[in-house]
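Enquirer: Relevant sequence annotations retrieved from Swiss-Prot are reproduced here:
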BINDING   377, 381, 384  [4Fe-4S] cluster binding site
COMPBIAS  679-689  compositional bias 'Basic residues'
COMPBIAS  719-731  compositional bias 'Polar residues'
DOMAIN    363-640  domain 'Radical SAM core'
REGION    674-768  region 'Disordered'
């Protein structure tokens, strides 16, 4: 399939390869002089500190371009108030590569309540304020001021998820594509190594960047529609233009793939290819101007966008912005295993740049002994952008490449103790899983391979993952291999052998999984499995933990205020937590990040997962007001006395006054309990048995297994990574993982970072 694609490691190298490999990519003129360079071919500008590690975007992109023969310099966290820092490496011969960093700068700087954060895990000493709001725009402006005639290439998570007109939570309005606002020359979206290498070589050959309009995984700003394309008009919901040819609408088909939960009599999947060649067809989205004032049309546009993400059958998109046309090419072809091995096998130093001295960079400390084994996610959770950024098709590394990296960690990472903190990716257990039918995979438009049930064509055999775990444990010098990426438990229960292997050898006391909610309404809109699946996994987890002679615990993640969640839903979740003796130390309030389906629900109050019409649509209840969002968060922390007055008021309003009091079935005590001291409340049994944190600190508070594990020599490990950990998969000029919409940490901590992962988070890695 697509045999005409040139592997990224087979391009003819640029002449400057004669300079060899730099110990670190230069960040100053002095370092350039030491390498014998008179100039840089490419200068990368990033909002993160420069850590030469494959979990950091600039390192992957910089080392990849260096391997192609280019001289690459890095300007990390420049002073953006003027152009001085942007001229520190001189004028690049080819282009500036600009990214906000591993995270969207707005998510990095603000909480879900739009409060300014005072820390930054990607900055030395966790110092906040080292990058501007909308860093991609600001950096692009300064690059243009520094050298007006140098092309600007945008990439990373911020640019990728803002490539079309999008709802912006912080300004509460629809904004233009970041490409037009930044006035850059081209935007690369997703894990764009393939596109970036092509752009670099074509520029090196003397081609004008304005001529590069047909590269997969890119978006460009055009004056008019390109010639040679059939344009399908989806700019309206019910009244398309009469002059446009309207083929049978592929978005009207509501049939689902056969799932494993269905009866055997279910009909098999029927492949119905489009009557148009995807390579010469484009879909017109509603214009930016229309989306500004029409929320229902925005939901329609979001639906179309998400249905065109398949790299094999998805079509180009075109969207009017004033008198300009935004042209978004087809999604990039996924990297092969050989290409993935090439990217992760580049000569990374695996430590921060020496200029930072002894300063601690929290994001690096979190992932310095972890290994990314794959990219992509076919979970399709509506609050997560991984599919839109990394793709639904899993891109795997070979076992040999992964084991080699384990040996590099052993040999290169200072202070390595023998523990590998994670083998994972967006999820822990999608390694080498995927569609068993290439034809179906090439034409499928399902947003998820596992919802509402696991597709019969999905290979769920975890054999390769089990073999990898066993091989990793045999690497000399490796004493323990932990799995910190979130486990997709609906997949795991399809392979009991995997669950046994995981629980027996790779859980350090706690394992984080993400049911996200207990109620069917929110779960369906999240595209998450029901609690019955969670219960089955918990039974297996407890069974195998007991067989292994270990006391281990599941830590469930939940989201408050997700679109589709009513006060009644959150109350039922709180009652479930109390019934199961769970007390969330910190909670997650839904965070509408760009391009997520859930963000479209939040803005439009309409379900974009189904066909959208003005008079025929599914409306979605949304918690938008500050008070209701506080209430939903408070219900997740029902045990916190500070939340009791708000919960009491809500219970009375809902006609649930019987849940106030000291009876076993009550959620919060009567008002007279407020005057008691914390010690008195603990003595009265107001606190549940299982108190847990959803954002890890250096210790895990209050879980009953701590003493048992300590006594047996088994240290509880991070069952999931901190919300401030970096993501771990490559994308053009940085930004390694899409952030989750629902990943803001709340509770007592106001400074918790949003994860770029789904898991992981990543986007920390959190299974979605």
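Placed from the backbone N, Cα and C atoms, the Cβ positions cover glycine too.
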Enquirer: For a quick check of packing: other C-beta atoms within 10 Å of the C-beta of residue 381 ([4Fe-4S] cluster binding site), how many?
Expert: 30
Enquirer: Please work out the number of neighbouring Cβ atoms within 10 Å of the Cβ of residue 377 ([4Fe-4S] cluster binding site), leaving out its own Cβ.
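Expert: For residue 377 ([4Fe-4S] cluster binding site), the count of other Cβ atoms within 10 Å is 35.
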Enquirer: DSSP on residue 377 ([4Fe-4S] cluster binding site), three-state: which is it?
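Expert: Coil, per DSSP.
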Enquirer: By the DSSP assignment reduced to helix, strand and coil, which category contains residue 384 ([4Fe-4S] cluster binding site)?
Expert: strand
Enquirer: If you draw a 10 Å sphere around the Cβ of residue 384 ([4Fe-4S] cluster binding site), how many other Cβ atoms fall inside it, taking every protein chain shown into account?
Expert: 35
